[in-house]
Amino acid sequence: MATRQRESSFTSCSSTSSCDADDEGVRGTCEDASLCKRFAVSIGYWHDPYIQHFVRLSKERKAPEINRGYFARVHGVSQLIKAFLRKTECHCQIINLGAGMDTTFWRLKDEDLLPSKYFEVDFPMIVTRKLHSIKCKPPLSSPILELHSEDTLQMDGHILDSKRYAVIGADLRDLSQLEEKLKKCNMNTQLPTLLIAECVLVYMTPEQSANLLKWAANSFEVAMFINYEQVNMGDRFGQIMIENLRRRQCDLAGVETCKSLESQKERLLSNGWETASAVDMMELYSKLPRAEVSRIESLEFLDEMELLEQLMQHYCLCWATKGGNELGLKEITY
């Protein structure tokens, strides 16, 4: 059946959301990140025709250092994702943990780089909002329906499952529930699996994030984990970042693991991963293609390069692998 005929074939059931009020500050970071990405895209930092369908354009102009930071983040994570997809020839699955309003699924489809299945997990309240946008906006729903072999998709407030894409409302701290929901949506533990966490682990206690990392390492024979979050948080700049978030009722429960690049790598290695690498975002920024750097730096004037450097030195991109020697996963680098 043609996609055009099936665009209305999302059937929904009502369900109530029971989110812990203590997590409200963490959920608010999803909105912040989405607004920042939407603004950066609007002035040409990178191309993303889908984010406009999830978040409005803020009237508040974002600072140039914030925009460049998000560019580096999106570019860095994207490069690692594509490296994994190339190594596995897309015969793999991706699980985006704490995905928020992320649009990677749609952008990978446009580039003909979709894995066998792409999963997203986030708080049920965030998933409900995302699914509402998908259901109401054909540019989001049509690509999903194009890839789906059935005439209808069952979707309720907290879950959508299709042939190539699934969105799941779950708490990452409840691993038995997480695994149950992923398996219900046909997660395949035999497939090479890439797990992504962007500014997620830092909002969990060290014990909770360790349990999640162990679960991920133990669940798949061949896997890679990408983690983007804070680093070097023991200095004065890091303390100011922590205080600013606390004023917004957002506590970095796992900040003690964000002391250094070494502590980030050690957490991965001590929880079942065989290799671990990490770079701070300033180092990553310095390795970006010069043509791209020239292009984005011409978009707007930045008068305080030192502030950009300080900010970038307090975020990092880490990646870890397990198995996959025959695929060359250990060779992946930035």
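Note that Cβ sites are derived from N, Cα and C of the backbone, with glycine treated the same way.
Caution: TrEMBL annotation is automatic and unverified by curators.
Note that the structure is a prediction, hence the values are computed from the model and not measured.
The S-adenosyl-L-methionine binding site annotation in TrEMBL covers R73, G98, D171, L172, E198. Feature annotation from TrEMBL assigns compositional bias 'Low complexity' to 8-19. For 1-26, the entry in TrEMBL reads region 'Disordered'.
Here the features listed in TrEMBL are painted onto the structure.
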residue : record                               : contacts (Cβ under 8 Å, 6+ apart)
R73     : S-adenosyl-L-methionine binding site : E198, Y228, M281, Y315, L317
G98     : S-adenosyl-L-methionine binding site : V121, D122, L172, A197, E198, C199, V200
D171    : S-adenosyl-L-methionine binding site : F123, Q177, L178
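Largest Cα-Cα distance over the residues recorded as binding S-adenosyl-L-methionine, namely R73, G98, D171, L172, E198, equals 24 Å.
Over all protein chains present, the Cβ of L172 (S-adenosyl-L-methionine binding site) has 22 other Cβ atoms lying within 10 Å. Take the CB of E198 (S-adenosyl-L-methionine binding site) and look out to 10 A: across all protein chains shown you find 20 other CB atoms.
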